[in-house]
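Engineer: Sharing the record's features from TrEMBL:
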COMPBIAS  283-299  compositional bias 'Polar residues'
REGION    259-299  region 'Disordered'
TRANSMEM  15-35  transmembrane segment
TRANSMEM  102-125  transmembrane segment
TRANSMEM  132-154  transmembrane segment
TRANSMEM  185-203  transmembrane segment
Amino acid sequence: MGILKLKVYGVDHKLLWTVFFILQALLFSCIIGTLGTQQWVETKTTYSFEGSLVAVTDSEIYCIKESSYTDLKDDICDDNSECTDTNNVLCDFITDLNSGAAVYILFEVISLICIVVWAIILVCFIFSVNCFWLSFCCSSSACLLHYIAFLSWVGLTSARFNGKCKNSDQSENEIVICASDGPNLSLFLMIIFPIILIAFIIVGRGAIYARRLEAIGIPAVETTQIVHISSPIQAQQGFTPYNPQVAYPAGQPIYPQPYQYPPPGPQSYSAYPNGPPAIGQPQYYNSQPQGYSYPITKQ
């Protein structure tokens with residue numbers, strides 16, 4: 001008999017989980033890239049400023065040196081510091097960047113943990129372990145946490161993206177933060193993350209349905225060999241009869257129908273359905289399924 005493989009929408013389920021495992025690796029790498037890139041923010045003023053998510057990388061602004069936002073916040077926002085300005089522009093600028101980075105890192109780290117758990121569950125899927133609902137929870141949480149992280153950072157920093165960040169927007173009482181490579185990559189993740197999530201939910205639901213059919217004895221399988229019943233022994237071993245008048249499209253699941261041997265009703269395979277013949281009475285083979293029969297004589 002042919003090898004049976006569980007199919008989900010006509011595709012081997014192990015192949016589907018492998019594809020999603022690769023997509024998970026892509027999501028994980030992109031999030032790590034947003035956390036590690038050195039180009040997160042910049043300003044378009046007379047004095048240039050560039051920074052990563054957590055620190056200043058290049059600055060010409062007075063009192064802002066290459067250091068972490070946390071250290072700069074302690075120095076600039078100190079009332080006894082020589083860098084303290086009367087309108088707290090620099091203090092607000094560094095405080096916003098520091099708060100935005102803290103919230104973003106918190107939610108993104110939790111999102112990464114959810115992706116790792118999601119990937120472990122996919123490995124279980126490959127070995128036919130049923131953990132679908134836990135995978136839905138982890139994947140949805142990872143996507144939601146990324147949205148919260150990015151929107152929180154934008155809300156705390158009031159960062160502007162290309163096209164809305166111009167020199168004319170700068171003022172003496174505010175330093176406008178312009179988003180750079182990191183936020184753009186994070187925005188790209190906001191687009192592809194829900195697409196991958198929706199595709200995973202659709203495939204997962206199909207896999208659940210296929211597993212339920214398999215649980216009740218009607219698995220969606222791919223038949224690699226057609227077996228014709230040639231003997232009652234094969235029927236007793238569970239072979240399914242092949243109907244040449246039924247079209248079986250390539251790649252479509254075939255649901256085996258139960259085969260009962262012998263069939264119920266009058267079509268029994270008894271050699272003598274009318275009882276054993278009398279000694280010396282002639283026997284005739286009946287072409288009907290009843291088998292052998294003999295003529296009935298009047299007494």
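The backbone N, Cα and C atoms fix where each Cβ goes, glycine too.
Are these features on the surface or tucked inside, and what are their neighbours?
Structural biologist: With a threshold of 8 Å between CB atoms, the same-chain residues lying at least 6 positions outside the transmembrane segment (15-35) that come near it are 8, 53, 105, 108, 111-112, 115-116, 118-119, 122-123, 125-126, 142, 146, 182-183, 185-186, 188-189, 192-193, 196, 199-200, 203, 207.
Within the same chain, residues 13, 17, 20-21, 24-25, 27-28, 31-32, 34-35, 53-54, 131, 134-135, 138-139, 141-143, 145-146, 148-150, 152-153, 156, 207 sit at least 6 positions outside the transmembrane segment (102-125) and bring their C-beta atoms closer than 8 Å to a C-beta of that stretch.
With a cut-off of 8 Å between Cβ atoms, the residues of this chain six or more beyond the transmembrane segment (185-203) that come close are 8-9, 16, 20, 23, 27, 30-31, 33-34, 37, 135-136, 139-140, 142-143, 146-147, 149-150, 153, 161.
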Engineer: Take the transmembrane segment (132-154) and find every residue of the same chain, 6 or more past its ends, with a Cβ under 8 Å from one of its Cβ atoms.
Structural biologist: 27, 31, 100-101, 103-104, 106-108, 110-112, 114-115, 117-118, 121-122, 125, 179, 183, 186-187, 189-190, 193-194, 197, 200-201, 204, 207-208
